[in-house]
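Take a look at the structure below.
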Amino acid sequence: MAKEECITQWNKTGDTSTLRNRKICLTSEKTLQAPSTSLSKDKHSHTAGHLSEDDTQSSNGAQFSTRGNLSKDPPSRVLLMLLVGLSFSTRLYKITEPPHVCWDETHFGKMGSYYINRTFFFDVHPPLGKMLIGLAGYMTGYDGSFPFIKPGDKYDHHNYWGMRGFCAVLGSCLPIFAYLIVLELSQSQTAALITATLLIFDTGSITISQYILLDPILLFFIMAAVLSMVKFNKQRYRPFAASWWLWLVLTGVNLAGALGVKFVGLFVILLVGLNTIWDLWRILGDLSLSLVEIAKHFLARVVGLILFPLFLYVTIFAIHFVVLNKSGPGDGFFSSAFQSRLIGNNLHNASMPEYLAFGSTITIKNLRIAGGYLHSHWHLYPEGVGSKQQQVTAYLHKDYNNLWLVHRPDENESQSGTPDLIRHGDIIRLEHVETTRNLHSHLHEAPLTKKHFQVTGYGINGTGDKNDLWQVEVCGGRKGDLVKVLRSKVRFLHRATGCVLYSSGKTLPKWGWEQVEVTCSPYLKETPSSQWNIEDHINPSLPNISLSVLKPHFLEILLESHIVMIRGNSGLKPKDNEMNSKPWHWPVNYQGLRFSGVNDTEYRVYLLGNPVVWWIHLASLGLYPIMAAVAAIALKRGFSLSQKRIEHSHVLMREGGLLLLAWLLHYAPFYTMGRILYYHHYFPAMLFSSMLTGITFDILLKSTDLLIRRPYCDWLQRLGQMVLLFSILYSFYLFHPLSYGMKGPLAHEPGSAMAGLKWMDSWEF
């Protein structure tokens, strides 16, 4: 039977003078002992690994508090202010250069303008980042009038510095957050300083922060969430105190912020979620807590980390919908019902018959993103493309050629009085208003989607054949259900071949005026590409209703906007001859991104990480698992280790493991993504890699005493630190033109300022 020995431990709680008596019971079982030393020899060293994992964490939290106070000493404040100064100066330097649109500023600067002008638009990302960019521009005097048409356009008199400066300020916070996170995790000023230095003098981190982009905003919220989580973890001995609640709520706020900028914010939510699950598991094992207290802990985290962030996230969209209330370029991506709420849209405050009927003139909109309106024109398919009949396409804009007349299958059947309403299962014929040809399909293959059938315009003035007949099906409906304007999702089933009307999303060649291909798909699975809705509806014989009664409520438009964003993200496939970065490229700094300029006369900016810094990160990713494995084996096998060495081992395995997990969560998922990927997608993972590098190299250098004795090991440690610092600073000196701009000959040409620095052929500066 295991013997128990109880030790009374006095912990100082936070910054107060209150002392709490905590009893820790230690068993003599082998699994709970550090094999190197028995408890009887040194009862005061139990924080070094003589307890179970949970008790080790608890003890470390108390024992490290004294060393953690180093951050409050005057030298630490001076160091922190120095880091703040360096970080802000490197990011704000030449913030107005170049004075023209660079890379994705053409998208996000334009979207900031849309917010200022209250014009609705579509983007694949949630709205918070663009809202903040628009707010920054508005607060610094930008009037939202610059068009942001293409990269290279001169800003001229337009006030753009506020939006760039806002992003740069948030980017300047990243090294500071990283410093504070590593200091909290490792209680080592050296590890924190290495981390901050790596980030401050990284050319990639500087460049990504200096322009009107979502990335610095996303990175700010990710790092703020992790810092808040780490600070909250340190409050575990003061549950439900004001500081405990503060860091819990701040964690939730920053999680909502990260997700509100980009969906990759889900990765940091997953990190915090795993940390919370582990924390609750530890609490569940604390027998000194009652079930009521455990329930309080659980509910507090549900409120602080789930419900409150969800409320903030929904609030972001509520503000987004209120601000963007005018019709704009994003209308066509959304349903007709959604468009009816936008001022200036032809559906806003309009009135039309509620139910579709024979004799109606309509427009038919595909539900696929950029699926377009069913459209035809006088042009014929060219020779060799199916039958040489009239083209039928999908057009993304409102146009007279989108109008169709709904007829009975037998055009000779007389109609009198109130027209019959169309129901689920009815057979119709659609006649194009402008050309009077019928919507038609046959067994010829489609122009681009070869396994589908061609859709054409055939006949004239109502004459045609049996291939002009279509059966209307209300998705999810039953026989006899009426077809509602705007609200009903319908399919058109071709009677002769059994295929369904389909928008492939593919762009036709110039002979098709680069409009979207329409086909008849033999695959009957319901997808947005095969679903349509009736948008415009004209029928003088039917009573009109105001479309205001059909406007969707907030939860409907919230759900629709997310469906559209998710489909838009999944639809971002690489196009022919378009540069597509691969995830394995990123950690090795294989290839960067050209932000501005392509020749020796233009102002060139190139997004590329400082090669020395990024290769140090790569080395640490290789070193860390080896060092962690050695530390784990040494502890498990009971090697005789000093108190400091055991503390280092626990920091390496526990805190280092947390950072490695964070790196994996922000990097590995990209291998599974089918969408187009770019180099800048790695920067969230790079931040965690830099923090892991700080801890790894700090402990590696402090382990020199395993090789040589004092004072030589101290000298070697200082030498290693100086070499590391010099390498970072000198490489920054060499590569800083990548961030701050280059002119003149390219790197491979004589006389270039970057001559000899094109260390990899894949770099394009």
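Cβ coordinates are placed from backbone N, Cα and C, and glycine is handled just like the others.
A TrEMBL annotation is a machine prediction, not a hand-curated record.
Keep in mind the model is a prediction, meaning the values are calculated, not measured.
The region 'Disordered' annotation in TrEMBL covers 35-70.
Sequence annotations record features per position, and here TrEMBL assigns compositional bias 'Polar residues' to 57-69.
Beyond the ends of the transmembrane segment (120-141), by six or more residues, the same chain brings 107-114, 159-163, 165-167, 212, 214, 217-218, 257, 259-263, 313, 316-317, 319-320, 323-331, 333-334, 342, 564-565, 568-569, 572 to within a C-beta distance below 8 angstroms of the stretch. Per TrEMBL, the feature transmembrane segment maps to 120-141 (among others).
The transmembrane segment annotation in TrEMBL covers 161-183 (among others).
Per TrEMBL, transmembrane segment is recorded for 190-211 (among others). Within the same chain, residues 79, 83, 86-87, 90-91, 94-95, 102-105, 164, 167-168, 170-172, 174-176, 178-180, 182-183, 219, 592, 595, 605-610, 613-614, 616-617, 680, 683, 686-687, 690-691, 693-695, 697-699, 701-702, 721, 724-725, 728-729, 731-732, 735-736, 738-739 sit at least 6 positions outside the transmembrane segment (190-211) and bring their C-beta atoms closer than 8 Å to a C-beta of that stretch.
Counting same-chain residues at least six beyond the ends of the transmembrane segment (217-233), those with a Cβ under 8 angstroms from any Cβ of the stretch are 128-129, 132-133, 167, 170-171, 173-174, 177-178, 180-181, 184-185, 208, 244, 247-248, 250-251, 253-255, 257-258, 260-262, 264-265, 268, 271-272, 275, 279, 662, 666, 683-684, 687. As annotated by TrEMBL, transmembrane segment applies to 217-233 (among others).
A Cβ distance under 8 Å defines the sequence-distant neighbours of the transmembrane segment (240-257), meaning residues of its chain 6+ beyond its ends; these are 14, 128, 220-222, 224-225, 228-229, 231-232, 265, 268-269, 272, 296, 300-301, 304-306, 308-310, 312-313, 316. Per TrEMBL, the feature transmembrane segment maps to 240-257 (among others).
Sequence-distant contacts of the transmembrane segment (263-281), counting only residues of its own chain at least 6 positions beyond either end whose CB sits under 8 Å from a CB of the stretch, comprise 125-126, 218, 221-222, 225-226, 229, 233, 236, 251, 255, 257, 297-298, 301, 305, 565-566, 569, 658, 661-662, 665-666, 669, 681, 684. The transmembrane segment annotation in TrEMBL covers 263-281 (among others).
The transmembrane segment annotation in TrEMBL covers 302-323 (among others).
TrEMBL lists 353-409 (among others) with the feature domain 'MIR'.
Shown for the domain 'MIR' (419-475): DSSP residue counts in helix, strand and coil, namely 3 helix, 30 strand, 24 coil. The domain 'MIR' feature in TrEMBL is assigned to 419-475 (among others).
Taken from TrEMBL, the feature domain 'MIR' applies to 480-537 (among others).
Long-range Cβ contacts of the transmembrane segment (612-635) within its own chain (Cβ-Cβ under 8 Å, at least 6 residues beyond either end) map to 34, 49, 198, 201-202, 204, 587-589, 641, 646, 648-649, 652-653, 656-657, 660, 663, 686, 689-690, 692-693, 696-697, 699-700, 724, 727-728, 731. The transmembrane segment feature in TrEMBL is assigned to 612-635 (among others).
As annotated by TrEMBL, transmembrane segment applies to 656-676 (among others).
The transmembrane segment annotation in TrEMBL covers 682-701 (among others).
Taken from TrEMBL, the feature transmembrane segment applies to 722-740 (among others).
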Chain residues outside the transmembrane segment (682-701) and at least six past its termini with a C-beta under 8 angstroms from it:
174, 178, 181-182, 185-186, 188, 190-196, 198-199, 202, 204-205, 208, 215, 218-219, 222-223, 264, 267-268, 583, 586-587, 609, 613-614, 616-617, 620-621, 623-624, 627, 648, 651-652, 655-656, 659-660, 662-663, 666-667, 670, 717, 720-721, 724
Segment confidence, the domain 'MIR' (480-537), expressed as mean pLDDT:
92
Who are the chain neighbours of the transmembrane segment (302-323) in space, where the CB to CB distance is under 8 Å and they lie at least 6 residues beyond its ends?
115, 118, 126-128, 131, 245, 248-249, 251-253, 255-257, 259-260, 272-273, 276, 554, 557-558, 561
Distant-in-sequence neighbours of the transmembrane segment (656-676), which means Cβ under 8 A and at least six residues beyond its ends:
185, 222, 226, 264, 267-268, 270-271, 274-275, 569-574, 578, 580, 583, 586-587, 621, 624-625, 628, 682, 684-685, 688-689, 691-692, 695-696
Could you put numbers on the helix, strand and coil content of the domain 'MIR' (353-409), residue by residue per DSSP?
3 helix, 27 strand, 27 coil
